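J.: The structure's right below; bear with me while I get my questions together.
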Amino acid sequence: MVSLTDFPVSLNRHNSMGKGLARRLVLGAAVTALLAAAAPAAMAQQHSDSDSVLSSFKLEREAAEARDQARLAELVEDSDALSASLEEAEARRDAAREERERLEAEMAEARQALDEIGAQRDAEGGDLNAVFSAVAGTSGELRDDLGQSLLTLGADVDLPPRLDDDAILTVAQIETLADSLMGLTAETGLVRRFEAPVAAGSGEVAPRQVTRVGDLMAFGGGQLLERVGEEGRLSALEHTPERVGAVLDAYQSGDGQLLPVDPVDGRVIEALSRQPTLLERFHQGGAVGYVVVALGALGLLIALGQYLYLLRVSMTTRRQLANMDELSNDNPLGRVLQRFHAFGAGHAPEALEARLDESMLAEQPRLERGQALVKMLAAVAPLLGLLGTVTGMIVTFQSITVFGTGDPQLMAGGISQALVTTVLGLITAVPLLFAHTAMSSRSRALIGTMEGRASAVLADRLEADRKALQPATDAKQGSRRHADAPLA
C-alpha cells in the first residue's frame, strides 16, 4: 500500500517526466510540419530549373544550326569563286604556253640569223677578226695596267676604252683607242708640274706641288710619291733616302739638273726607301747590341782619359828633361829622381839600384792604368756579338717553326739581330784595340825614358862615389907599400 504521504512525491516525479516528453513531442511535430511545408517548394524550384536549362539548350541548338547554314552558304559561294579563278588561271596558262612557243620559235629564228651573220662576217672579215679580237683584248689589258700608272697625273689624256672581244669594232672606237695610246705615249717623254692632294705618312692629306717625270717617277716636297687605292690617290713613300730627297728638291726648285732615275719601275727606289737608318740598324741589335755598345763606349772613355793623362805626363817629362837641375813632382821622372837623391850617399850599388827600381815600379801603375780593362773589353765585344748572332738565329728558327718559310718578313727580325750584333761587336773591338795600342805605346815610351834617365843618374852616382873613394884607396895602398918595404 502506498501511503498518502508518499503519493505527492511520486506524483511530482511523474509530472516532471510528463512535461519533458511533451516538450519532445511538440518539437518533433514542429520539425515534421516544417519539412512537410518545405518539400513542395523544393520540388517546384527543381522543376523550374530544369525547364530553364531545356529552353536555353534549345536556343543554343537553333543558333548553332543557323551558323552552320550560314557557313555552308559561304563555302558554296567560295567554291564557285575558286572554280572561276581556276578556269581563269588555266586560260592564262594556256596563253603563256602559246607565248612561250612563239618566243622560242622567234629565238630559234634569231639564232639562225645570228649564225648566218657570223658566218658571213667570218667569210668577209678574214684575218681582220683576229686583229679586232687582239685589239679589244689589248685595250682591256692596257687599261688595267695603266690604271695605277703615273701617266695620267696632271695630263689631259684618258685611258684607252675597254672594248668587247665579240663586238665588231667601229672606226670611231679604233680612232679613240689610237688617240688615247698616242697621248699616253707622248706623256712618257714630258715633265709636268701641277698641284695635287698628297697623303703624308701620318695620314694627313694636304695639297702639294708635284712634279711628274714621264712614267718614271713623281715627287714633291723632297719625297717620292706613289699611287695607291682604286682611285689612284697620291701618297708619299714611307722613307725617301736623304741623298735622293736632296737631289729632288734641287731639281724641283730649278737649282739642279740631276735627277735619279729608276729603270725598273721604281723597285730600286722603293728598296732604298725601305733601307733602315743607322739608328734603326742600332735598335735591330736588341739587348745584346745595347750591351756591346755600352761596353765599347765605356772602354773608349777610359782609353781617352788615360791617353790624355799620358799626353800631359809626356809634356811634363819633356820639361823635366830640359831642366834636370830642378826636380819637379808633376812628372814620374822627377818623383823617381827625388826619391833616389833622398836615399843619401854611402850605400852599396845594389842598394841604390834596388831603391831606384822600387821608385820606378811605384810610378808604373799610373802609366799603365786602364790598359788591361780596355784590352779585355776589346776581346769581349766580338764574343758578345757572337752571342747576339746565336740568339738571333734561335729567334729565326722559332719563327720558321711557327710560321714556316712563306713570309721572309717574319724571319727578318732574327736575321737582323744576328748580323747587327756581329757588326757592333767588331766595330767596338777595332777602336778599342787601336786605343789599347796607343796607350801601351805611349806608356812604354814614358817608362823607357824614365828607366833610361834613371839608369844614367844611377851610373853618375856610382861614378861619383867611386871617385870619392879613390883617394882613400890610393892612400891605403901607399901605406901598405911603405909598411912592406923594410921587410923586403
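Every residue, even glycine, has its Cβ placed from backbone N, Cα and C.
Annotations for this protein, taken from TrEMBL, read as follows:
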- 72-120: coiled coil (COILED)
- 337-451: domain 'MotA/TolQ/ExbB proton channel' (DOMAIN)
- 469-488: region 'Disordered' (REGION)
- 1-44: signal peptide (SIGNAL)
- 287-310: transmembrane segment (TRANSMEM)
- 376-395: transmembrane segment (TRANSMEM)
- 415-434: transmembrane segment (TRANSMEM)
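Could you give the neighbours, burial and distances for every feature on this list?
T.: Outside the transmembrane segment (376-395) by six or more residues, the chain places 285-286, 288-289, 291-292, 295-296, 298-299, 413-426, 428-429, 432-433, 436 with a CB less than 8 A from a CB of the stretch.
Here the transmembrane segment (415-434) has Cβ contacts under 8 Å with residues 281-282, 284-286, 288-289, 292-293, 295-296, 299-300, 303, 374-375, 377-379, 381-393, 395-396 of the same chain, all six or more residues outside its ends.
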J.: With a Cβ cut-off under 8 Å, give me the same-chain residues at least six positions beyond the ends of the transmembrane segment (287-310) that come close to it.
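T.: Those are 367, 369-371, 373-374, 377-378, 380-381, 384-385, 387-388, 391, 417, 420-421, 424-425, 427-429, 431-432, 435-436, 438-439, 442-443, 446, in sequence order.
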